[in-house]
Amino acid sequence: MSGQTPQGSSEQGSSEQGSSQHGAVIAFGANLGDRVSTIRAAAAEIDALPGTHVIVLSSFVESAAVKPDGVDLSAPEYLNAVALIETTLAPHDLLSALNGIEHAHGRTREVRWGDRTLDLDIITYDNLEISDESLTLPHPRVGDRSFVLAPWLELDPDAAIPGRGNAAELLAFCPDPVRAHVEVVVGQ
């Protein structure tokens, strides 16, 4: 994918990120509609954001839907992927842009952890650790999500989560019900 020339961006109420590049890991998920096309389109839309470039998109993995009460085998399965990106956008600006992409693909937020056409999460942003009303970095549940860790490790076998440790070690301890339902989708 070819990103646009970095233009820089600042967010209101926080320190300006300027035009320097920052590395981020973005997780994709979808369990409604044409999941493959939606994830591919979202990756292209992220790549088209100002000052942003998608370096690589992982293979797709399929997983059972995880709801607040655990794995829901009666819900449509999720298709998941991870992208490594570089961006000049500040974390909250990136989150806002991702929310806009979700909305453009029909994402609604009526039910927490409900079925969705597209879910985009910032997993890490450089080695930043923050927590406020709208954003927590690294993502608070990444260590429990094999459907994020497995494709991320495909792209970066040495991946580490700030304040939590090595992603491969965390994957080894992911809850079995989720790990057992992650499958690589062949023939993307």
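Placed from the backbone N, Cα and C atoms, the Cβ positions cover glycine too.
Keep in mind that TrEMBL annotations are predicted by a computer and have not been checked by a curator.
Features as listed in TrEMBL:
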- 1-21: region 'Disordered' (REGION)
- 25-157: domain '7,8-dihydro-6-hydroxymethylpterin-pyrophosphokinase' (DOMAIN)
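The average per-residue pLDDT of the prediction over the domain '7,8-dihydro-6-hydroxymethylpterin-pyrophosphokinase' (25-157) is 92, rounded to a whole number. Summarised by DSSP class, the composition of the domain '7,8-dihydro-6-hydroxymethylpterin-pyrophosphokinase' (25-157) is 40 helix, 42 strand, 51 coil.
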